[in-house]
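Have a look at the structure below, then the notes.
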Amino acid sequence: MVLIRVLANLLILQLSYAQKSSELVVGGRPCNINEHRSLVVLFNSSGFLCGGTLINQDWVVTAAHCDSNNFQMIFGVHSKNVPNEDEQRRVPKEKFFCDSNKNYTQWNKDIMLIRLNSPVNNSTHIAPLSLPSSPPIVGSVCRIMGWGTITFPNETYPDVPHCANINLFNYTVCHGAHAGLPATSRTLCAGVLEGGKDTCKGDSGGPLICNGQFQGIVSWGGHPCAQPREPGVYTKVFDHLDWIQNIIAGNTTATCPL
């Protein structure tokens, strides 16, 4: 069964309402404190919502299905229990979606661009991630990261984000694995065919990093997570690059590719 991967609870907060299933980093290891400087935590009064990616001092990219009322963002987080001295908090000044009605599907337009209320200062634990200069190559080894559950079906949320390497597949692999996917879409297919490594509940909106570039956004996948021959589906950042750059440049009427 294919479900959108919305985030569970990070840090010490816990959601009190039902969420869509999201993906976690199952089968990974604790991230090095210096390798997730662009990783953002989105949360509201009910708890943690999603991950996100800082792309410059004023803008964050995450999944459209992570949108919620009155959410905040924390930058520079590593441990839930031991805050970094350089952690910073911001709120959205503006939110942009591919569709003015916030319409998106499991294979199209699951992306949200957030303008921050004030710039984030780069620091020891905070730095933006480069947007892609070219599309990723099938066969690439890519990095996933997040505070999502590291076990499934019983959920275990770690103190620090977990990271794992997964492989980028031809889209036809996901098309064959997940019922309902169209023959083509503006998404990436990534995982481990033998299973055991995957994003999962709590990781939605976070980055898929290939060769040091921000190539994908955690969107959705199989349920349970990390099953053999069921790679995850990630919004393809490169296909939305013109839209992102136009919005940042001030062209707020820019549209996403069809």
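Along the chain as shown, residues are numbered 1 onward.
Every residue gets a Cβ built from N, Cα and C, even glycine.
In Swiss-Prot this protein carries:
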- HIS65: active site, charge relay system (ACT_SITE)
- ASP110: active site, charge relay system (ACT_SITE)
- SER204: active site, charge relay system (ACT_SITE)
- CYS31-CYS163: disulfide bond (DISULFID)
- CYS50-CYS66: disulfide bond (DISULFID)
- CYS98-CYS256: disulfide bond (DISULFID)
- CYS142-CYS210: disulfide bond (DISULFID)
- CYS174-CYS189: disulfide bond (DISULFID)
- CYS200-CYS225: disulfide bond (DISULFID)
- 25-249: domain 'Peptidase S1' (DOMAIN)
- ASN44: N-linked glycosylation site (CARBOHYD)
- ASN103: N-linked glycosylation site (CARBOHYD)
- ASN121: N-linked glycosylation site (CARBOHYD)
- ASN122: N-linked glycosylation site (CARBOHYD)
- ASN154: N-linked glycosylation site (CARBOHYD)
- ASN170: N-linked glycosylation site (CARBOHYD)
- ASN251: N-linked glycosylation site (CARBOHYD)
- 1-18: signal peptide (SIGNAL)
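This view paints the features noted in Swiss-Prot onto the structure.
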residue	record	DSSP class
ASN44	N-linked glycosylation site	strand
CYS66	disulfide bond	helix
CYS98	disulfide bond	coil
ASN103	N-linked glycosylation site	coil
ASN121	N-linked glycosylation site	coil
CYS142	disulfide bond	strand
CYS163	disulfide bond	strand
CYS174	disulfide bond	helix
CYS189	disulfide bond	strand
ASN251	N-linked glycosylation site	coil
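In this structure, the disulfide-bonded residues CYS66, CYS163 were compared by how many other Cβ atoms lie within 10 Å of their Cβ, and the smallest count belongs to CYS163. The DSSP secondary structure for CYS200 (disulfide bond) is strand. Recorded residues ASN121 (N-linked glycosylation site) and CYS50 (disulfide bond) have their alpha carbons 21 Å apart, per Cα-Cα distance. Reported as a whole number, the C-alpha separation between HIS65 (active site, charge relay system) and ASP110 (active site, charge relay system) equals 6 Å. When the C-alpha distances from ASN170 (N-linked glycosylation site) to the disulfide-bonded residues CYS66, CYS98, CYS163, CYS225 are tabulated, the minimum falls on CYS225. Working note on the recorded positions ASN103, ASN121, ASN122, SER204: by count of other C-beta atoms within 10 Å of each C-beta, SER204 ranks first. Looking only at Cα atoms, CYS189 (disulfide bond) sits nearest to ASP110 among the recorded positions CYS31, ASN103, ASP110, ASN251. Using a 10 angstroms CA-CA radius around CYS66 (disulfide bond), the recorded positions that qualify from ASN44, ASP110, CYS200, SER204, CYS210, CYS256 are ASP110, SER204. Considering only the recorded positions CYS50, ASP110, CYS174, the residues lying within 10 A of CYS98 (disulfide bond) on a C-alpha to C-alpha basis are ASP110. Residue density at ASN44 (N-linked glycosylation site): 14 other Cβ atoms are found within 10 A of its Cβ, drawing on all protein chains shown. If you measure from the Cα atom of CYS50 (disulfide bond) to that of SER204 (active site, charge relay system), you get 5 Å.
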